[in-house]
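Peer 1: Have a look at this one before I ask anything.
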Amino acid sequence: MDTMTLPPPPAAATPRRAPSPPSRLTRLWRGPEADPRWARPALLGLLALTAAAYLWNLSASGWANSFYSAAVQAGSQSWSALFYGASDAAGSITVDKPPASLWVMALSVRIFGLSSWSILVPQVLMGVASVALVHAGVKRHWGAGAGLLAGAVLALTPVAVLMFRFNNPDALLVLLMTAAAWATVHAIERGSIRWFALVGALIGLGFLTKTLQVLLVVPFLGIAFLVAADTTLRRRVIGSLAGVGTMLLAAGWWVAIVELVPESMRPYIGGSQTNSFLELTFGYNGLGRINGEETGSVGGGNGWGQTGLFRMFESGSGGQISWLIPSALVLLAVGLWLRGRSPRTDVRRAAYLVWGGWLVVTMLVFSFMAGIFHDYYTVALAPAVAVLVGAGAAEAWERREESVGSVPLAVATAAAGVWGFVLLSRTTEYGWLRVAVLAVGLAAAFLLLVIARVHVRAVPIIAAAAIAAGLAGPAAYSATTLSEGHSGSIVTAGPSNGGPGGGGARGGAPGGGGGAPDGGRPQAAGGTGTGTGTGTGTGTGTGGTPRGGGMAALSADADSYTWVAAAIGSQNAAGLQLGSELPVMAIGGFNGSDPSPTLEQFQEYVAQGRIHYFAAGGGMGGGMGGSGSASQISTWVQKNFTEVTIGGSTFYDLTQPATSSSGSTTTGAGTDV
């Protein structure tokens with residue numbers, strides 16, 4: 001019998017080595033596994049392009065708003081000046097805003113030294129962070145494409161391009177409001193008390209940036225959380241109270257210190273008539289902005305433009321912000337309609353309440369406020385417009401094969417094309433572009449109406465055409481804004497003939513800040529300037545600034561004085577201070593109308609030998625019921641001290657009384673230094 005030989009058993013399978021986890025760099029580039037492969041690279045590209053564009057030609061703006069740059073310089077020299085937001089390191093008077101935005105810039109200057117770049121780069125980073133937050137908020141609930149669209153809309157909004165390259169408080173304010181809205185939606189989704197407490201803290205920091213303006217977004221943040229948070233009513237109420245508490249804490253600690261510290265131990269509160277931050281908050285920076293009754297303001301009447309429902313669309317503000325407002329309102333309405341029957345906790349509907357409430361409330365307040373209003377204030381609308389365009393377009397796009405989606409998309413696209421044509425027609429610089437925007441916008445709108453019957457390969461082309469029609473106009477205005485420097489206290493985006501005050505004063509022009517070559521330090525600010533458009537450019541100038549070796553002469557024996565000079569109005573003092581890097585007293589604060597110092601206080605300072613020179617000129621003070629101290633001081637100085645010329649500018653030497661041959665005081669003979 002044959003023996004059967006069995007085959008050998010199969011060899012044990014060699015275990016496969018588990019794939020190694022991706023590196024941190026790969027994860028950063030790739031993003032979450034659930035995202036499309038293009039999503040994270042596209043976001044990084046958007047942020048990189050935004051940063052590069054905002055940094056390009058940055059130093060052309062010189063000191064930008066020298067009023068704030070001088071306070072930044074002061075804060076970089078004195079911790080006390082930094083804390084209070086004083087205009088000079090000796091702490092004579094503060095700026096007319098709380099100091100949070102100055103803290104960021106002054107710390108940058110302490111690290112990198114005083115230059116245009118060290119002041120303005122933090123603003124650029126705030127802009128990039130705002131774009132990232134807008135993208136994140138939209139992407140989470142509407143997808144990566146919608147997030148990219150929203151981020152691009154914000155990055156290309158002309159007034160955002162302007163203010164994220166400028167040193168006014170608005171850049172930090174917008175970042176904090178955007179973060180608060182983003183955190184609110186996150187708190188609603190999670191039903192989280194801690195997240196809504198964070199919202200309150202962000203709003204409180206916004207108050208320390210630009211006082212009551214941040215409160216315009218608060219009503220709908222609170223309403224949305226109370227209505228839609230995914231938790232019980234009890235926890236929603238507790239969360240709301242927690243948000244109020246952290247808001248009061250984040251804002252109130254600084255206010256309490258300022259109000260409790262004796263007036264003799266801190267700077268005078270600029271913008272107030274009683275040396276009170278509470279008066280500044282509820283008066284000049286508060287109700288006065290609404291009803292126009294701003295004691296100490298240099299405006300009045302119709303000096304800040306006509307109020308009305310369409311103010312945001314008129315020649316002043318239209319080119320700054322209104323490009324996509326009609327589309328945003330259409331898409332907000334359709335978004336709320338499509339989510340109307342969703343559960344109470346629907347996050348998309350809650351987000352529409354948050355961002356839509358922000359847009360509508362802020363736009364209405366800006367439209368009807370009778371007090372001081374500048375077109376650049378409209379940057380506060382930009383994040384809301386961007387989110388509503390991105391989210392609303394994605395919401396309607398999901399239903400594009402139904403009329404409930406295709407019709408709103410068509411209307412929004414047509415509105416963007418038509419309104420873009422109108423805005424571009426207000427200037428002579430974009431002749432062919434306005435026609436292209438109109439034609440492409442209307443064509444894309446028609447194709448969106450019949451998109452259900454369009455070949456699938458044409459759908460992306462239609463979407464791209466609609467986006468191009470909406471963004472081409474603001475992109476053109478933004479490109480013009482990037483190509484020019486902006487300086488002074490009143491600036492606008494876009495071409496210089498884009499409406500009243502268009503463009504403001506350009507860097508290096510009369511009234512401009514003087515561009516700084518190679519990112520270096522700009523020259524001291526120039527005098528009062530006018531834009532090349534139809535209206536005033538910088539408004540208040542910076543007075544006569546010594547030329548050549550004048551600054552060295554002005555700074556001689558500086559250690560012997562508390563202030564090397566005094567000038568009427570903060571803008572006039574700013575040029576001297578930035579040029580010398582030494583304290584210069586701003587008599588009367590920004591408008592020259594604050595009672596700081598009084599004539600008696602100034603005379604005491606002079607008697608003590610604490611001030612060397614008094615800068616002639618200025619001519620402000622006493623506006624709309626403000627103090628007349630500045631004019632009294634000017635008159636007293638001219639009668640009693642020697643006039644000298646320093647670097648071509650006129651000063652009075654407060655250490656040299658002017659005496660006539662009979663021994664009485666007269667105007668000096670005009671010594672040249």
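For all residues, glycine too, the Cβ spot is worked out from N, Cα and C.
Owing to the predicted nature of the structure, the values given are computational and were not obtained by experimental measurement.
Copied straight from TrEMBL:
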- 1-22: compositional bias 'Pro residues' (COMPBIAS)
- 96-251: domain 'Glycosyltransferase RgtA/B/C/D-like' (DOMAIN)
- 552-640: domain 'Putative mannosyltransferase YkcA/B-like C-terminal' (DOMAIN)
- 38-56: transmembrane segment (TRANSMEM)
- 111-136: transmembrane segment (TRANSMEM)
- 142-164: transmembrane segment (TRANSMEM)
- 171-189: transmembrane segment (TRANSMEM)
- 195-228: transmembrane segment (TRANSMEM)
- 237-257: transmembrane segment (TRANSMEM)
- 321-338: transmembrane segment (TRANSMEM)
- 350-370: transmembrane segment (TRANSMEM)
- 376-394: transmembrane segment (TRANSMEM)
- 406-425: transmembrane segment (TRANSMEM)
- 431-451: transmembrane segment (TRANSMEM)
- 458-477: transmembrane segment (TRANSMEM)
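For each feature listed, report its degree of burial, its nearest neighbours and the pertinent distances within the displayed model.
Peer 2: Within its own chain, the transmembrane segment (111-136) is flanked in space by residues 43, 46-47, 50-51, 54-55, 58-59, 61-64, 69, 72-73, 76, 104-105, 147-148, 150-151, 154-155, 160, 163-167, 171-172, 174-175, 178-179, 182, 383, 386-387, 390, 513, 516, 519-522, 581, which lie at least six positions past its ends and keep a Cβ under 8 Å from the stretch.
With a threshold of 8 Å between CB atoms, the same-chain residues lying at least 6 positions outside the transmembrane segment (321-338) that come near it are 153, 157-159, 312-313, 348-349, 352, 355-356, 359, 363, 378-379, 381-382, 384-385, 388-389, 391-393, 395-396, 399, 404-405, 408, 411-413, 415-416, 419-420, 423, 470, 473-474.
Below 8 angstroms of C-beta separation, residues 137, 141, 177, 181, 184-185, 188, 216-217, 219-221, 223-224, 227-228, 289-292, 304, 307-312, 317, 325, 328-329, 332, 335-336, 339, 377-378, 380-381, 383-385, 387-388, 391-392 of the same chain, each at least six residues beyond the ends of the transmembrane segment (350-370), sit close to that stretch.
Within its own chain, the transmembrane segment (376-394) has Cβ neighbours under 8 Å at 130, 133-134, 137-138, 141-143, 145-151, 153-154, 157, 159-160, 162-163, 166, 168, 170-171, 173-174, 177-178, 181, 213, 216, 312, 317, 320-321, 324-325, 327-332, 334-335, 348, 351-352, 355-356, 358-359, 362-363, 366, 408-409, 412, 470, 490-493, counting only residues six or more beyond its boundaries.
Through the fold, the transmembrane segment (431-451) approaches residues 400-401, 406-407, 409-411, 413-414, 416-418, 420-421, 424-425, 458-459, 462, 465-466, 468-470, 472-473, 476 of its own chain, all at least 6 residues removed from its boundaries and within a Cβ separation under 8 Å.
Only residues 6 or more beyond the boundaries of the transmembrane segment (458-477), in the same chain, are considered here, and those with a CB under 8 A from a CB of the stretch are 149, 152-153, 156-158, 319, 323-324, 327, 389, 397, 409, 413, 416-417, 420, 423-424, 430, 433-434, 436-437, 440-441, 443-445, 447-448, 451, 493-495, 498.
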Peer 1: What else in the chain is close to the transmembrane segment (142-164), if you only count residues 6 or more beyond its ends and a Cβ gap under 8 Å?
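Peer 2: Residues 35-36, 38-39, 42-43, 46-47, 49-50, 53-54, 123-124, 126-127, 130-132, 134-136, 170-171, 174, 319-321, 323-324, 348, 375-376, 378-379, 382-383, 385-387, 389-391, 393-395, 467, 470-471, 474-475, 477-478, 481-482, 486, 491-494.
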Peer 1: Calculate the per-residue pLDDT averaged over the domain 'Putative mannosyltransferase YkcA/B-like C-terminal' (552-640) and state the result as an integer.
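Peer 2: In the predicted model, the domain 'Putative mannosyltransferase YkcA/B-like C-terminal' (552-640) has a mean pLDDT of 90.
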Peer 1: Who are the chain neighbours of the transmembrane segment (171-189) in space, where the CB to CB distance is under 8 Å and they lie at least 6 residues beyond its ends?
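Peer 2: Contacts with the transmembrane segment (171-189): 100-101, 104, 123, 126-127, 129-130, 133-134, 136-137, 141, 160, 163-164, 195-196, 198-199, 202-203, 205-206, 209-210, 213-214, 217, 221, 224-225, 228-230, 239, 345, 347, 350-351, 354-355, 358, 379-380, 382-384, 387.
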Peer 1: List the helix, strand and coil residue totals of the domain 'Putative mannosyltransferase YkcA/B-like C-terminal' (552-640) as derived from DSSP.
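Peer 2: Looking at the domain 'Putative mannosyltransferase YkcA/B-like C-terminal' (552-640) with DSSP, the answer is 41 helix, 15 strand, 33 coil.
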